[in-house]
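Copied over from Swiss-Prot, here are the features:
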type	residues	note
BINDING	LYS90, PRO91, GLY92, SER93, GLY94, LEU95, GLY96, SER97, SER98, SER99, ALA100	ATP binding site
Amino acid sequence: MKKVKVCAPGTSANLGPGYDIFGIALSKPYDIVTIEKVDEFGIKITLEGEKAEEIPTNVEENTAGVVAKKMIEDFKIESGIHIHIVKGIKPGSGLGSSSASCAGVAFGLNELFELKLSKLDLVKYASLGEAVAAGAPHADNVAPAIFGGFTLTTNYEPLEVLHIPVEIDVIVALPNIQVSTKSAREILPKEVPMKSMVNNVGKAAGMIYALYNNDLDLFGQYMSKDAVVEPCRAQLITGYLEIKEKLKDLVYGVTISGSGPAIIAIPKKEHVIDIKNIFKEVYNCPVYYTRVGLGCYIEEIE
């Protein structure tokens, strides 16, 4: 095996009250990550696609490069590699752009060098790259990027991830607004009132109950009622409260995707066209009608 091509999905984290815990994989958008063995030792990174020119190719500064370097060191891989990433997920979108690249590289290296790592191990490696983007390792995006479906990152030391396969249609809008992951974290409160904590724990628990009972109405209702993170981050996304009000009768639920500015909604199917039109009317932005999808998968092997 000389080369692998991996499809690495976009993801949506938090889903309202599940801050830093909940995440889902999306069928689109996605990155394509190709890893090829080369004679020259070291790691070469090239990029194309969404804002590729703004992403560093230096191994130490690139999220996927950090993952590759650590795996090569840990498994004493002697071959050089060329990583080529086609960015289909816009960086800074709130759709797990850096996570997709990290997950795609971890998944691809595991296949290319037959490392036989578990999905949980792949999440551990992929989360190391997130420290470059967010300042500390986070798994709420890389976990669904690896596992697919709906994931809960319930612990970090040791890392624990729970996986629930689900089939849910979603609409994701990507307003042309700049929101960095770091600034979106800095705006959050350092302390949370007990009342807000109780609200979020209750709503998050209710969302899991709703999943197991195929109750989209309840799932979306609770997804829309985060009392801690969304009220802060809504300030960073012009028009968010307006869009939430306009969509309230057309969707089961709507919330900010990850750090934003992406907005994710669970549509009532008869209103999909209306929802897309409202997003375009308010933001004039790309809108994806997609569904909860698979984790990383091999698209091609040579």
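The backbone N, Cα and C atoms fix where each Cβ goes, glycine too.
Non-local contacts of LYS90 (ATP binding site) by the CB criterion (under 8 A, 6+ apart in sequence, same chain) comprise PRO29, GLU50, LYS51, SER97, LEU174. Apart from LYS90, PRO91, GLY92, SER93, GLY94, LEU95, GLY96, SER97, SER98, SER99, ALA100, the residues listed for ATP, the same chain places the Cβ atoms of GLY10, ILE89, GLY258 within 8 Å of the centroid of those Cβ atoms. In this structure, ALA100 (ATP binding site) is part of a helix by DSSP.
Most Cβ neighbours within 10 Å among the binding-site residues GLY92, GLY94: this distinction goes to GLY94. The Cβ of SER98 has fewer other Cβ atoms within 10 Å than any other of the binding-site residues GLY96, SER98, ALA100.
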